[in-house]
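Let me begin by presenting the structure, written as structure tokens, before commenting on it.
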């Protein structure tokens, strides 16, 4: 009987201890959840929930320093905007300290396992016979030095009637008479508009249309999306796959009838034009001719394939690891084309904003993480380079997905 009473007392004490521990744990959990939501940055914390998940993978970094200073790219006087109260300025300052943007030192370790495997497969496949023997980030270049490399080594030209197999009488009827520079003239501020899903609900349309010229990609529409992407199209860069695939309706869709067209096709690594001409990645030449017959007044250029590998070499030599041995993305090609034509280039949603999403295109519902991080193209390394060159602020990237780059004519080496 005595043993039973002792056992009962022991059980009661044990239950009390368990209850006390449960209460303590509940308070601790409750506190850790609610405390961040009590400060002035409530909206910032909520908006950044999914970005914090990416941060744990090392893809994103805090723009502000560990001590909470304003980042150098965002001086305090930028908050002194007419009509904003001092309280609003303080909230804006605190929000800026939590801005999280693309980390220019991102690496393949940041890729999800599936994309890491895809990258390794492309490295071993080496479809374009890449034999790069140059340096790999031996000494990290300053943005100014890198701009000089791009200006001096990437030759942005279009196929001309004097180029190898295109100098026949047959081709003279199809290639434009004027060069691209002659056609567009001197351009001031230009916009490069990606097709990213994060453009949805951005309300960037009026800002995009305020530029002197706008470049868009492939089949990205403006009709129905003007509020977010604008309606002006000066140049449309399309890949050769789109031109040759029947379901894209390239020859029939009125979408392509506006502005200047440029088509590009992947070529073997540093191949001569005649070698690429004999065996293009996609047999788009007949479709090109058909389009020119239907629309003889619309300028339609073929990008010289040498450019893609000149640009790829610079991407590789400024990366610490081997990048995919495939041509740069249309996005990266378009950025460099506009840097050649314009005094200043604003690039929208090439680096993801606070609206970052795995939806690939603003006009479709297809989801894939590769659209942000890259699979076939060395997109991750392209974004590292663009972030390094950015002359705008991290706040511009976070809020608008906007990167500002100088035109090459304003680069002084």
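Easy rule for this one: first residue shown is 1, then count along the chain.
Cβ atoms are placed via backbone N, Cα and C, with glycine included.
From the options 10-26, 27-43, the stretch Swiss-Prot describes as transmembrane segment is 10-26.
A 10 Å cutoff on Cβ-Cβ distances gives residue 330 (substrate binding site) a total of 19 other Cβ atoms nearby, all chains included. The DSSP secondary structure for residue 342 (disulfide bond) is strand. Counting only residues at least six positions away in the same chain, the Cβ atoms of 144, 147, 148, 151, 152 sit under 8 Å from the Cβ of residue 413 (disulfide bond). Among the recorded positions listed (155, 181, 239, 330, 383), 181 has its Cα nearest to the Cα of residue 342 (disulfide bond).
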